[in-house]
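Asker: Can you read through this structure? Questions will come right after.
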Amino acid sequence: MLELDLQIATEAPAPTEAEFRQWCELALRQRTADSEMTIRLVDEDEGRELNHTWRHKDYATNVLSFPAEVPDEFLDIPLLGDLVICVAVVEREATEQGKELKAHWAHLVIHGCLHLLGYDHIDDEEAEEMEALERELLAELGYPDPYADDETETSPTVTTKDSE
């Protein structure tokens with residue numbers, strides 16, 4: 001079971017809690033243990049501030065991933081971590097990239113959840129493994145390959161607080 005804490009700190013429209021839960025549970029289904037995570041939806045100001053604090057980048061990014069650093073034995077339910085999603089950036093990217101907004105949301109949530117599970121895209125081999133899993137999961141939802149039309153970028157700009 002997934003315990004999802006959805007925090008909405010923006011007035012911008014966003015997917016429903018049920019949609020976020022569906023995308024997270026799909027990405028996390030390989031994990032058999034109960035899990036807890038937070039998704040915080042933010043505006044560009046908060047997104048920029050967090051990106052600056054954790055990555056020293058002075059702009060809002062689409063998703064920041066913060067894997068939990070608390071050993072599971074200290075918790076009732078294992079804490080996976082937090083995703084912080086900047087709604088305006090997600091909307092802008094979907095428009096600029098000609099992608100269906102729901103498909104882009106699903107992709108970024110799945111991508112962020114995979115980061116919480118330890119997946120990364122620092123080198124080509126890791127990126128290929130992560131992207132293949134993203135494609136597979138998105139196809140199950142009926143969404144197209146998010147990388148099909150993008151030969152130059154191998155991964156969304158989802159970042160973890162540890163990656164620089």
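Cβ atoms here come from the backbone N, Cα and C positions, even for glycine.
The annotation Zn(2+) binding site is assigned in Swiss-Prot to H111, H115, H121 on the grounds of sequence analysis. Here Swiss-Prot flags 154-164 as compositional bias 'Polar residues'. According to Swiss-Prot, the region 'Disordered' annotation covers 142-164.
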Asker: Could you check what DSSP calls H115 (Zn(2+) binding site) once collapsed to helix, strand or coil?
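Answerer: Looking at the DSSP assignment, H115 (Zn(2+) binding site) belongs to a helix.
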Asker: Counting every protein chain present, what is the number of Cβ atoms, excluding its own, within 10 Å of the Cβ of H121 (Zn(2+) binding site)?
Answerer: 21
Asker: If you count Cβ atoms within 10 Å of the Cβ of H111 (Zn(2+) binding site), leaving out that atom itself, what do you get?
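Answerer: Taking all protein chains shown, H111 (Zn(2+) binding site) has 28 Cβ neighbours within 10 Å.
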